[in-house]
Every structure is written in structure tokens, then in C-alpha cells.
Amino acid sequence: MDTLLYLTRRIAQALVVILIVTVVVFGLLHALPGGPARGILGPQATPQQITLFNHDQGLDRPLPVQYLYYLRQLLHGDLGTSYTLNEAVSRLIEQRLPKTLVLTVLSAVLGLVLAIPLGMWQAVRRNKPADYVITTLSFVAYSTPVYFLGLVLVLVFTQVLRWFPSQAPQGDTVAQVFADPVALVLPVVTGAASMVAVFSRYMRAATLENLSEDYVRTARAGGSRQRAILFKHVFRNSLTPVIAMLGYYVPVLFGGALVVEQLFNYPGMGLLFWSAAQSSDYPVLLGCVLVISVATVVGTLLADVVQRIVDPRVKAGRT
Amino acid sequence: MSIRSASRWGLVAPRGGAANRHSPAPLIARFARNRLAVAGLVVVALFLFFCFVGPLLYSTDQIHTDLTQVNLHPSGAHWLGTDAVGHDELGRLMYGGKVSLLVGLAAGVLATVIGTLWGSIAGYAGGWVDAVMMRVVDAGIAIPALFILLVVSAITTPGVPGLIVILGLVSWLVPSRLVRAETLTLKRRDYVLTLRAIGGTHGRAIARHILPNSVSTIVVAATFQVADAILLVAYVSYLGLGVQPPSTDWGGMLSAGLTAAYSGRWWLIVPPGLAIILVVCAFNAIGDGLRDAFDVRGRG
């Protein structure tokens, strides 16, 4: 019952947050110089044309009315129309988002596969030289801008060593992306690097915490071998909270995708967003912001809920 | 960037000593024992010297282009070579660093000030005021700063002051949460309740008791905030939407980086990139050191 109450409250909070996000996005859309009319009709438009356009689009009505209209459109999945690509924003995102997901999921998987054993190993070798070296490397990796790492990888692997092509796969569909796996290597590695740094820290901390628990002492006293305790109990108990952290990591993943896609010219949502920023294509920009924000809210919600279920001690929550 | 957990890097074991955490002498001593934090302080001092005093010792023209001197390799005349329009790269590193450090420091401080005010008011007021104010913070955290910055830069082309204000406005959220949490415990303390009982105003309670007692949390948050801001401004400039030429910053110097990487001009990529990493690491190390010296819980 307690959990049900918590869930209801948490979901209600998330909905309020999403509502506030729509107000911010709506506000930005209307803060544009000259408003949407100037954006669509271009700088050459006459005042008469702008007045007519505003009337046609309902832009001369009071802002609260417009906001409700905007919300109704959102509920119908209508994010507006791109100024430059002359296509529905929702359609554009539908085409691009799967490719971004491919990139981020691959990066996340690679990052976790490396980070989890690394973090455990560090916990076991705590305060030994290996732990310090890896900790220092994570510290540096964490302070490194993703694009700088990407540039160095391009420089080394495409120019000096010539192992990989410098462009990501260019296909329109997900299947075409996978047709060129070698070209995916550099973008995925670039995206995974900061994940390794952050998640190995989480795993190290979670493992250390579990190693100091009573059940470990009991198992040791009962004669279980160190290795068995580590892999049977500590690993399982540390893994779930660490994977739940992925929920909080959603905005960072999208931010990383934005940079990696721009760097390797990978036609996903990040590149869509970046070119929209270059051409001031506001509906596309704000549509993407809305999608990413909703994903962030959902990710945080899932992480909170999973952490609470896994560890009943987390009662206060992160509110 | 809500996942900042520089507090958990634990390069140096935290030291206790909560008893006299606000007396300065043991504080400085504790900070000085943290070698990494001291190294961070030295790195920041060196970079400030390099960027603000360096141009006086190593004078270069960073305004006019010189098409007879483009893309030169590092040499005796140009220690770090020249870029695609003939600017001396070492001079440019100083020139761009001024903007990066100035914007990072100012934006970090601004964000902390806004966050402190927001968080202390929300935590002190409590009830529905707190609930509404914190949902606004949640919403702000839900919109990743990098994306909102790119939207804003598409609307206007900010100069340095504009960039500081915009960065400050998008990154005050984490400090506001920390200060709110601190306020929630402080407002129940006897001295605050006494002040209220003898007729002191709410404003006085916040200004005289809550904020001075949160100072350690605030200072630590500000340090991490500066590291964040330096990274963030580098991202925005890299994506071509920061300060405009001929002005530049370290991120902006890297915006032509891809072309440079393809033609093997490492000297246009590596120095500004390393400068960003060093300075961001240094601020994070200082933040860690301060957090341990103050013995407060930082972000995490």
C-alpha cells in the first residue's frame, strides 16, 4: 500500500514537471524575435502579411488560449512543422530517433560492460595502486569534453593509423546503419568513454558498500570463499542499483549523442537538432527539447521507483 | 548534468573533524593536507597567470588575420604553430582562455547565487511554496542545459555578458537543491526559533542564520559549478554558437577541430583540449578538497 501511494505521488509529480516543461517550451516559442510569423515568412515579410498570418494561425489570441491550443495539439502528437524541411516535426523525430537510440544503447551497453567489472575490481583492490590509477583516469575522463575525445580518436584512428572510416554509417534506416558496423566503432567508443568513468565509480561504491554489510561477514564466517561471496551475493546486490542509475543518465546520453552525431555526421536526432540550431528552425528545436525532457522525466521516475523497490531503505526518495 | 558526483571520486579519503568546522585555521590546514586539491589550486593560478599576464609577455595579434601565415607547424617563431587564418596558436590559447575562465567563473558564481536564494527561500517557506518551487527545479533539470543553451543561441547571438547570464540561468538548479536541503535542517535549530520568537523577521532569519551557516555547502557547490560552466561553455562554443569571431574561447578554438583533425594539424586540437581538461580537473579537485575540509556532503 505504501508503495502504491508512493507510485501515485511520484507519477503525479512527474506529470506536473512535464506540464511545466511544456510551459517553458511554449514560452520560448513565443519569445522568438518577431514571433513564429517572422520565422516562417522570412525577414522580407511585410507587416500586413505578418498580421494576416498571425490571424490565420490564431497567434493574435490571448496567450493562455494559445497555450491550451498548443497542449491540445501536443496530445494529438502534433509538434508543429519544420520551417526548413517542410515536414511535420513528429515525423522527422520518428525517422531520426531510432538511429539515435541505436547509438546510445550500444554506447551504454559497451560502457556498462566495461565499467561493471572495472568497478568491482577497484573495490576489491581498494586503495591499492591499481585503484588509484583507474580512479585518476576516471577523474580525467570525466572532465574531458566528449568532442575533444572524439577529435583525438579521429586524429589517431582515421588519420595516423587509418583503421576506421571517419564517417558514421549514413543509412536512412536502422538496418542500413548495422550494415556498416566498422564505421560504428568510433562513434560508439566516443559515447561510451564517459560512461565507463562514471559507472565504474558507481559500481565501486556499490560494491564497497555491500562488502561491508553484515551478510558478507556472516557468509565469510560460515566459510564461503571470497570469490563465491563476491560473485554470488555482492555482484547481484550491487548491479541493480547501478543499472538503475541509467535512468538519471538519460539527459547525459542525449547530450553525448548530440556531440557524437555532429562529430561523425551520423544522421540521428542529435544531428537534426544541431542543424536546426544552425538554421533557427524553432519548431524542430523545441520539439526535440520536449521529447528529450519527457524521456528525462520518465528515466528519473523509473530510476527512483526501481531503487525504492530494490532497496526498501530508500524511503525519503529524491524529492 | 545532474549526475555530477565529483563528491564520490574519493581520490583522497575524507577527513573528519566536524567539531570546529567553521574556524578557518584548521580548515586551511585540512585543505593543505589534500595534495590533489592544492595541485588544483596551483593549476588554476598558473592558468590565470598564463591567460591574463601571458599576453603582456608574449604579444600576438589576435584580431587581424594574416593569410601569409596560415596553418604553420609549431616552430621557434610560433611555438604552437598558427591556425587557418594565421593567428598564433599560443597567443590564441591565452586570448581564448580569458573568455573561458571569465565566463566559467562568473557563470558559476551567478548560478550559485541564484540557486542559494531559490533554495533557501523554498526550504525556509516549506509547504506548497516549497513544493511549487521544487517542481520548477525538477522541470529545469528535465530540460538538459546543453539543448536549452543551443535553442537560446539560435534566438540571439550572445556576447560575453549575455553568455554569463544565460549559463547562470540554466545551471542554478543543483545548488538550489543542496541549499534547500541544508535550510530544511537549519530552520529547526534553536537559534532560528528564538529569533522568530523574539520578533525577528523571516528575511532576517535567512540572512543572519540560514545563509551564514550554509556557507560551506555554498562554497563547495560554487566550485563544482565553475567546473561545470567551463565545460558547458566549451560545448556551446564547440557547436559554433558561443562567442563570435574574432573573439573566441577554448571550445570555439576546437570548433574548426574536425578539419584540423583530418589534415593532421594536432596543434590546433590538443592544446585547447588539454587546457579545458586541466582547468576542469583542477576545479573539481579544489571542490573535493574544500568539501573534505569543510566536512560537508557535496553533490551526489
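Cβ atoms are placed via backbone N, Cα and C, with glycine included.
What TrEMBL records for this protein:
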type	residues	note
TRANSMEM	A:12-32	transmembrane segment
DOMAIN	A:97-303	domain 'ABC transmembrane type-1'
TRANSMEM	A:101-120	transmembrane segment
TRANSMEM	A:132-157	transmembrane segment
TRANSMEM	A:177-199	transmembrane segment
TRANSMEM	A:242-264	transmembrane segment
TRANSMEM	A:284-306	transmembrane segment
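Within its own chain, the transmembrane segment (A:132-157) has Cβ neighbours under 8 Å at 118, 122, 163-164, 166, 186-187, 189-191, 193-194, 196-198, 200-201, 256, 259-260, 262-264, counting only residues six or more beyond its boundaries. In terms of C-beta pairs under 8 Å, the stretch of A:12-32, A:242-264, A:284-306 lying closest in packing to the transmembrane segment (A:101-120) is A:242-264.
Within the chain carrying the transmembrane segment (A:242-264), a Cβ under 8 angstroms from the stretch's Cβ atoms is held by residues 100, 103-104, 107-108, 112, 116, 119, 145-147, 150-151, 154, 166-168, 186-187, 190-191, 194-195, 198-199, 202-203, 206, 270-271, 273-274, 292, 295-296, 298-304, 306-307, 310, all 6 or more beyond its ends.
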